[in-house]
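Trainee: Quick one: structure below, then a few questions.
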Amino acid sequence: MQHIFNGLVSGSFLAMLALGLAVIFGMLGVVNFAHGAFYMLGAFGAYLLLTEWGVNYWVALAAVPVALGLFGALVERVLIRRLSALDPLYNFLLTFGLALLLQDLVRREYGVQSQPYTSPLTATVDFGLFTYPAYQVMVLGISLVVCLAVWLVLSKTRLGVIVRAATERPELTRALGIDVGRYVAPMFGFGVALAGFAGVLAAPMRAVNPLMGGDLIITVFAVVVIGGLGSIFGSVTAGFAIGLITALANLYVPTLSQTIVFILMAAVLLWRPAGLFGREEAFT
Amino acid sequence: MLSVENLSAWYGQARALNEVSLDVAAGEVVTIVGRNGAGKSTLLRSIMGLHPKTTGTVSLDGKPVDRLAPHQRTRRGLGYVPDDRGMYASLTVQEHLLLPRAVGPNPWPLERVYETFPNLADRRGSAGTRLSGGEQQMLAIARVLRMGARLLLCDEPTEGLSPLFVARIGEILREVKEAGVTVLLIEQNVHFAATVADRHYLLAEGRVVDRLDNDQVRSREHELLDYLGI
Ligand SMILES: Nc1ncnc2c1ncn2[C@@H]1O[C@H](COP(=O)(O)OP(=O)(O)OP(=O)(O)O)[C@@H](O)[C@H]1O
Ligand SMILES: [Mg+2]
């Protein structure tokens, strides 16, 4: 039971990161390698605010994603957009370089050892059969609410229709009269904000260090591929599923816990090359 | 209404269109016929602004649109029905109809679309990619009618459809023409083309090689079918 909980908690991080990554990839055709760095910046932002200015966790949870979101929108406007007409490889290099740059800037200041961040909630919740840290319960609750809210906006509003269409087939969506470019910077910023939000949530429970994002993001890439490129819904579902499966693997076959994601990815790709919820044509 | 002058297009180093020039007057239905790989789809994509490498001029109502992005071209009245029908897996039928931006003077209201295409009304909650080929084609056409486009670019709307659906598409094209909409249509089915269109361009290896009227198409039908390899 406890492991299922663990799985859902890490799944919720995967889901929030995969959501942003999927939208960015769909709309821009950019594999955003800096996504993990933004997640790391979220955690570090919270840490900095607390240690340097005594700003508490709750304020950081709101302020850090907003700041990072604006920064992300700026990065899209100033850097990524300039390369959009060229081979996608250039943006791959750009975001990869950006990830290294952000990582090393933080590393220069703080080294690679993990910084402690005291949890805002230290109590535990008694579920009868087992007890669980209250903070983790809250993280799970918050991320479910966030994923649900995003899902509602995406599935019930006109904005949602446009974002889904532009994520799945941006060129076609332009030909239907939609100025996709107008939505790109805000959505990039939103994806980055979500990564930052996940980072702040992670700060009290994971090691806050410059490499935390790089380690996680590889798994998130696998999640997006499994969910199906171009499918927002697929990425979120796959995020929770992979979190669960990894936690269970950790319990029953610990040796596989690191690799199971990639085994799954290979299996899914062999079975359905476009991912679980993707469409084949997305590749042409 | 549409004028294309010396339009060339490339895929990398390979030239898919070679100095194509053609005109379509307001209210006309004009088809482009040509073998597989002749460059027909590339021509429509270039007119729509979806092809990245082109030279030459495309004008609408006498004004060049070469520098405009696809969504800006729709504001000038262009509507596009792509050869793959342009379905979204993540959008329902109804969402396909709500997505396009109204651009022309006469965008069809949703009710009118559902009256004209009862199949779509029945399947309004299904994902676009789950429809049958004929239904997908109906949806792709209904979608540009929702925009109120003044010039429809239709890429092989009858391809792979049953005779029933082909006839239905013929009716819709005639109805649309009645309403004053101009149509540039790609069509391999020359028999069908002669029943809906006013005149025809024959495209071969990226060039316009012939202009035909309906009588010429009818009298040369066998020769044309032979040439097209059908
Ligand atoms: N993505 C692409 N990359 C490279 N070459 C392409 C690509 N798409 C088309 N071509 C080439 O450009 C030429 C014109 O293709 P196009 O799709 O415009 O032909 P078409 O007349 O529409 O054919 P069809 O009847 O099969 O639809 C063909 O020789 C084709 O091989
Ligand atoms: Mg074609």
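Glycine residues also receive a Cβ, built from the backbone N, Cα and C atoms like all the rest.
TrEMBL labels come from automatic prediction, so no person has curated them.
Annotations per TrEMBL:
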- A:12-35: transmembrane segment (TRANSMEM)
- A:55-76: transmembrane segment (TRANSMEM)
- A:88-106: transmembrane segment (TRANSMEM)
- A:134-154: transmembrane segment (TRANSMEM)
- A:183-204: transmembrane segment (TRANSMEM)
- A:216-244: transmembrane segment (TRANSMEM)
- A:251-271: transmembrane segment (TRANSMEM)
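Tell me about the surroundings of these features in the structure.
Mentor: Here the transmembrane segment (A:88-106) has Cβ contacts under 8 Å with residues 28-38, 40-41, 44, 75, 79-80, 210-211, 213-214 of the same chain, all six or more residues outside its ends.
Within its own chain, the transmembrane segment (A:134-154) has Cβ neighbours under 8 Å at 5-6, 8-9, 12-13, 15-16, 19, 119-125, 160, 163-164, 194, 197-198, 201, 204-205, 232-233, 236, counting only residues six or more beyond its boundaries.
Sequence-distant contacts of the transmembrane segment (A:183-204) (same chain, at least 6 residues past either end, Cβ-Cβ under 8 Å): 13, 16-17, 19-21, 23-24, 27-28, 32, 35-36, 38-47, 57, 60-61, 64-73, 75-77, 80-81, 117-120, 135, 139, 142-143, 146, 150, 162-163, 166, 212-213.
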Trainee: With a Cβ cut-off under 8 Å, give me the same-chain residues at least six positions beyond the ends of the transmembrane segment (A:12-35) that come close to it.
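Mentor: The answer is 75-76, 80, 84, 88, 91-92, 95-96, 98-99, 102, 139-140, 143-144, 146-147, 150, 163, 166-168, 170, 180, 183-184, 187-188, 190-195, 197-198, 201-202, 213, 216-217, 219-221, 223-224, 227, 229-232, 234-240, 242-243.
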